[in-house]
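This report concerns only the one structure given below.
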């Protein structure tokens, strides 16, 4: 049935508004990153008067951006891989087995979503310092501590979503594998995991973005050598002179990989959410 | 909530499976291992998750609660067990609304409530509108869908720094449009300090939050059977009627979870105000998480800060419980 004009016009208005709203900062980011310094220090202009790519070279010298980049990659990448593996094991246990304490586990894991980060920031800091003092394992100020922290941030949502996803995979599949002589772990990796690829990709995307974007713990738990992009980018903005063109160029550089990856994988995300979280 | 539904239906399934576990045919023989044969396997699988949750969430939270009953200042940072007990003193200080600390906490709490109401409401509204408007296929749909997800994908700090630039008084886009181009304001306004800062914070938060609502609602829409729309269409229902009578009611369970999640994230949000305003937020946009951070790490009063955190957690627990109660009652009513 053809949609009436009233609907088509409403749709046009709403979609245009939302597209402009969504992309406005992206336009500012891109255009300002191509402006010379005197241009971004004065009045804002929609069209840059002179184009320059100099900010893209300067950003690496103003702050050690490359090092922050590597730190972020290591921290977010490791946290993602570990978080996905741990979530797959947990969700498999909950989805396929009956055992005492199952409800306690799911409820506890879910309710940690509710905790204000600020509530456990200081205690966690103290625990990390104490572990360091008594065992010599440096968690405070190291990438390891941040990895541990971040992987638990995405864990509750990942477990919750994968339970839903695994439930939607017919049990006959892995039961057949058990009959054919697979162990439970074999059945998980040969049957359940391959069938759950969209859900697992969705969870991995979520975990990576959580770790890549976190600010609070990154500010408190890192030192000069382990600083991530989340803290490093503030380096441009808190100096006496704010190099807005460099801030924008650096923001763009740290955003491009993650936005590109996300857009490539967004189909999986919707598929994963449909089967996992939204039922 | 969804989790409960999941666990219940699971228990049912495993019951069914175990009850016919000892059949004669070869194909049926082992089925799912029964309780004795599975032994500790589920626990082993859960072990890493449990250990990490304990280390990073549960134990710190318990320490946080204990700290809230102690007189914990910077002098005890290396010997936190040695901080003297103070009973409910920290709580009394936090809720004494006539004294400066309590008054500031109450103010910050109210600001957070207003902020959360508008930020969640608008993010939800935009997300639902976008998802419904993109439900039908038309040219450019995939492109718009990708554009709408960009704010969700951008790292918070990069995006919020850009907004901070846009809100600059002298060289920002917002004042350029409002003052220079449209002439709405007499002179360029301050957005990141003073009374306007709450508006800036809400706008940035909505911008960051609505794509998540869009994503979840879009996933929810895919579970509505096409036949419902076809049947309605045959009965002569127009597109507006279909949205009102089919789409919106079908989205109810999804919306209930979505609003709760948005509420919890927005109420606890630290990243957005911290990157937008820095360590000290303007009074008008002094969100509770920043306020507690300030009280703990800047004024070095960790005991009071912990008490405030515990109060915040209690508040969130109560709101969540009430919300779940109301929505599950609503669902039962609809089923009956």
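The first residue you see is number 1, and the count goes up from there.
Glycine is no exception: its Cβ is also placed from the backbone N, Cα and C atoms.
A TrEMBL annotation is a machine prediction, not a hand-curated record.
Here's what TrEMBL has on this protein:
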type	residues	note
REGION	B:1-28	region 'Disordered'
TRANSMEM	B:41-69	transmembrane segment
TRANSMEM	B:109-134	transmembrane segment
DOMAIN	B:109-323	domain 'ABC transmembrane type-1'
TRANSMEM	B:146-166	transmembrane segment
TRANSMEM	B:198-221	transmembrane segment
TRANSMEM	B:250-267	transmembrane segment
TRANSMEM	B:306-326	transmembrane segment
Exercise for review: Determine which residues of the chain contact the transmembrane segment (B:250-267) at the Cβ level, with the cut-off under 8 Å and only residues 6 or more beyond its ends counted.
Suggested key: 1-2, 112, 115-116, 119-120, 123-124, 127-128, 205, 209, 212-213, 216-217, 219-221, 223-224, 228, 288, 316, 319-320, 323-324, 327, 331, 334
Review point. Per the definition of 3+ C-beta pairs under 8 A with sequence separation of 6 or more, do the transmembrane segment (B:109-134) and the transmembrane segment (B:306-326) touch?
Key: no
**Study point:** Stretch among B:41-69, B:198-221, B:306-326 sharing the most Cβ pairs under 8 Å with the transmembrane segment (B:146-166)
**Key:** B:198-221
